[in-house]
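Feature annotation from Swiss-Prot assigns domain 'ABC transporter' to 6-238. According to Swiss-Prot, the ATP binding site annotation covers 40, 41, 42, 43, 44, 45, 46, 47.
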């Protein structure tokens, strides 16, 4: 990892008036030029992290570093960090040009330089020619672009975005996801994005921090978070999941619904209680006798690209299936899946425990070079 641009070291926050602890020992390093997302439900602490980073709130304990320098006591205007707020915080009585140029005027930048940089920045956010427009006459998407232009015109080290897409309609929100991601990659500035929308996080991020009740419960790439959730909360919060109670018989063998199935997971105790995650899109509908499981279709909804089918097995477990095939309510169908489709979770395992287990398991599972060489020599002798 390169030298971090932002570091949180054991940062906690408690509001003194209520005594409520909203952050609990937050630790992370952010690299330069990446798109990070703080993802969590309302009240999870994600916006509090953003406000502490910006200098709008003080941490109760812990240290915050920017480029290796502690900034806990550094005023907002001295931090090379700019924020795009949920309501954009634009000046309604000013034009687009005046809003974007505001920070440069405070710094007493030359007028010609201001005009040049405003024009360049508006072009970046696809608002070229909007300089003299009134803020009040702009659409929601255009106002957001103005807010982003104002945040990046000084070329800050970090841009913070506090749920800036939440007020937009679905189509515009999707368009802005592409635009924000492309803009961040073009500028090479570190973006820290706050959202409760898991689809936004998965679509835009290099790295996601999943938050719950003031703690980071898992961090990783979008693929890691989706394919390898470490606990029930993450599996349930990120995408749709079928989560079934089971038993890890031994490495690569799990039992649930009274049957044993091959898996690709290991490193757990024999006969340890676990939870098994199967994503709805990984379940294939078959004839009942050909399926690994048999379920009875209860209801279904057409979601445009697939049918969302709800079915129940003989034990009463609910199953969600995504299929391009329409099912018949009341019919019994088979469900097929591969070992790779099963993700096994230990009960109440933390991210640190998960990482340590996987590292230890991989080391134990790797054959030594001496054994590999011996096997190869044996095969060569047999071929002679």
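Numbers run from 1 along the shown chain.
Even glycines carry a Cβ here, placed using N, Cα and C.
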Report task. Report the residues of the chain - excluding 40, 41, 42, 43, 44, 45, 46, 47 - with C-beta within 8 Å of the mean position of the site's C-beta atoms, for the recorded ATP site, in sequence order. Result -> 48, 196, 211
Report summary line: When each of the binding-site residues 40, 43, 45 is scored by other CB atoms within 10 A, the minimum falls on 43
Report task. Which residue among the binding-site residues 42, 47 has the fewest other Cβ atoms within 10 Å of its Cβ, if you could check? Result -> 42
